[in-house]
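Encoded as structure tokens, the structure appears first; notes follow it.
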Amino acid sequence: MSSRAHPVDGSPATDGGHVPMKPSPTRHKVGIPPKQNMFKDFMYTFKETFFHDDPLRDFKDQPKSKQFMLGLQSVFPVFDWGRNYTFKKFRGDLISGLTIASLCIPQDIGYAKLANLDPKYGLYSSFVPPLVYACMGSSRDIAIGPVAVVSLLLGTLLRAEIDPNTSPDEYLRLAFTATFFAGITEAALGFFRLGFLIDFLSHAAVVGFMGGAAITIALQQLKGFLGIKKFTKKTDIISVLESVFKAAHHGWNWQTILIGASFLTFLLTSKIIGKKSKKLFWVPAIAPLISVIVSTFFVYITRADKQGVQIVKHLDQGINPSSFHLIYFTGDNLAKGIRIGVVAGMVALTEAVAIGRTFAAMKDYQIDGNKEMVALGMMNVVGSMSSCYVATGSFSRSAVNFMAGCQTAVSNIIMSIVVLLTLLFLTPLFKYTPNAILAAIIINAVIPLIDIQAAILIFKVDKLDFIACIGAFFGVIFVSVEIGLLIAVSISFAKILLQVTRPRTAVLGNIPRTSVYRNIQQYPEATMVPGVLTIRVDSAIYFSNSNYVRERIQRWLHEEEEKVKAASLPRIQFLIIEMSPVTDIDTSGIHALEDLYKSLQKRDIQLILANPGPLVIGKLHLSHFADMLGQDNIYLTVADAVEACCPKLSNEV
């Protein structure tokens with residue numbers, strides 16, 4: 001607890017004889033910013049909100065030809081970094097491109113199954129979108145393609161509208177429609193510079209959602225891993241486990257389990273080897289492809305498919321056919337496609353931007369978030385017209401891409417070429433690939449999404465964040481992916497509303513032998529001047545919190561008056577509000593200050609404001625509250641305010 005100063009010989013002193021250090025004899029008045037007309041004020045706010053990075057700064061004072069080239073480079077960064085591209089960079093991109101291709105091919109086949117689509121659509125989605133991104137994206141390290149979480153989310157949302165088994169053609173059309181509008185959503189957010197909207201999904205909520213989705217995805221793989229033919233369509237953990245145990249007596253296939261368990265052990269071992277030595281990064285990257293080749297050959301020579309081992313069977317050969325004519329632009333399915341596309345697009349965008357920023361920070365370069373959104377959006381728009389479903393940045397592939405020494409987005413082009421060759425010549429070889437291998441590959445891929453260390457850190461740092469994390473996690477695994485996402489968004493919004501409507505306030509005291517005033521709970525040695533109560537408001541004061549701020553200040557005052565009365569100290573005569581953290585105030589906030597001022601007047605307590613910012617002091621003058629309060633009751637610092645109050649204090653108890 002802080003100590004309270006006691007008056008000695010009529011002058012305010014503190015325990016131990018401490019007297020607050022006097023500020024400079026020159027007392028500065030609080031500056032009032034020059035008046036701006038409404039249009040200029042609006043344009044300034046608009047610019048700071050949407051164009052704070054001044055995207056046109058490079059275009060200033062440049063000739064038309066230079067501006068055209070800068071504009072072209074802005075939309076297609078390939079024209080920027082492509083000018084300085086060298087064979088040395090190509091060598092790094094070639095190695096990383098071949099490495100991520102070996103990882104993506106088996107993953108794509110499995111991820112397409114998560115979305116309830118034919119495996120070929122997974123390969124299609126790693127051919128066209130990476131080519132578009134390579135031309136328009138600003139990240140050097142991100143690897144594009146289908147990902148587990150988005151595939152599961154898309155499959156769950158689509159299945160809720162159309163059964164893929166009874167109406168496969170309509171289901172496919174809705175998938176392309178959702179992909180188209182996912183791209184439109186992403187591109188629109190970037191074009192209109194609304195990227196800050198994805199920040200409403202907090203890091204804690206994303207950690208919980210991803211962890212829950214990873215467990216859900218792993219549980220879904222038990223169908224292929226155990227060789228179960230009849231499996232629930234639901235994704236919650238109770239329904240899945242119930243389906244698994246019901247099939248235990250007659251539905252499990254021991255050959256399938258043996259294949260899946262053996263290669264999952266191999267994949268996990270390769271991952272451990274890769275972590276132990278950075279030089280062996282290629283081991284876990286190439287392990288999935290080795291698993292597919294070996295298991296496919298084993299099933300082919302033993303004809304294990306005749307013993308109940310489920311295989312991929314037919315995989316169409318050839319490149320992506322056009323699908324523009326399959327997209328719904330009218331009818332009931334249009335609204336469904338828009339709704340699913342917006343949700344899938346936002347989740348895909350959140351994951352991709354987070355991955356891009358992570359690896360950009362590692363290599364000390366910047367990515368333009370809004371340009372990234374446009375690039376990601378355009379690749380999905382083009383993808384939807386070429387038989388692709390929602391693609392985004394893959395963390396596992398991007399990590400391998402980074403470790404392999406990629407230099408530019410050319411690594412995505414190399415990967416696309418390898419996928420193209422696979423589609424043209426190698427797809428028949430996947431006929432005997434066992435589903436258990438695809439299940440093992442997906443389980444191995446989603447394990448890193450369960451970030452226990454991050455959850456522990458969130459719990460230690462912020463309990464409210466942890467509630468968002470755990471709420472999203474349990475929502476996904478016990479109900480459904482979309483409910484988990486809804487919980488994640490809802491709790492994130494609730495936290496924002498709570499912080500806005502219930503801002504923190506603090507009682508300030510003087511740090512001994514200084515003119516500095518700080519929170520008495522943070523600095524127990526800080527002392528309070530008798531007869532003066534100093535309170536800091538740590539937020540802008542708006543209609544949403546103005547009543548709370550006024551009531552909280554009055555409660556601080558009431559509590560302090562009770563302490564003063566019990567200790568027979570001079571009563572509170574001055575209430576100082578430290579306003580430096582108050583960045584803005586609206587009419588409701590000003591009205592709350594007026595009510596507080598009138599209430600204090602009735603109790604013979606003078607209200608004083610210290611260090612209001614330019615926006616705040618300007619509005620206080622425009623509303624005439626500054627005149628009501630009196631110019632001599634507005635000070636530049638708390639120390640100035642306390643110094644002015646001290647001679648006016650009486651010893652009245």
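Note: Cβ is positioned from N, Cα and C throughout, glycine not excepted.
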Residue pair K278, N320: same membrane side in Swiss-Prot: no
Determine whether the transmembrane segment (373-393) and the transmembrane segment (410-430) share at least three Cβ pairs under 8 Å, counting only pairs 6 or more apart in sequence. no
Remote residues contacting the topological domain 'Extracellular' (394-409) - C-beta distance under 8 A, at least 6 residues beyond either end: 78, 81, 85, 88-90, 92-93, 95-97, 99-100, 103-104, 107, 133-135, 137, 139-147, 278, 281-282, 284-285, 351, 355, 359, 362, 445, 448-449
What is the three-state DSSP composition of the domain 'STAS' (522-645), stated as helix, strand and coil residue counts? 62 helix, 22 strand, 40 coil
The transmembrane segment (410-430) and the transmembrane segment (117-137) contact flag, 3+ Cβ pairs under 8 angstroms: yes
Residue list, the topological domain 'Extracellular' (113-116) vs rest of chain: Cβ under 8 Å, 6 or more residues beyond ends. 122, 146, 148, 151-152, 154-155, 158-159, 164, 171, 175, 217, 220, 224, 389, 435, 438, 442
Give residue numbers and ranges for long-range contacts of the topological domain 'Cytoplasmic' (361-372): same chain, 6 or more residues beyond its ends, CB-CB under 8 A. 53, 55, 74, 77, 136-141, 189-191, 193, 195, 352-353, 402
Please figure out which one of 174-194, 254-274, 281-301, 439-459 racks up the most CB pairs under 8 Å against the transmembrane segment (92-112). 281-301
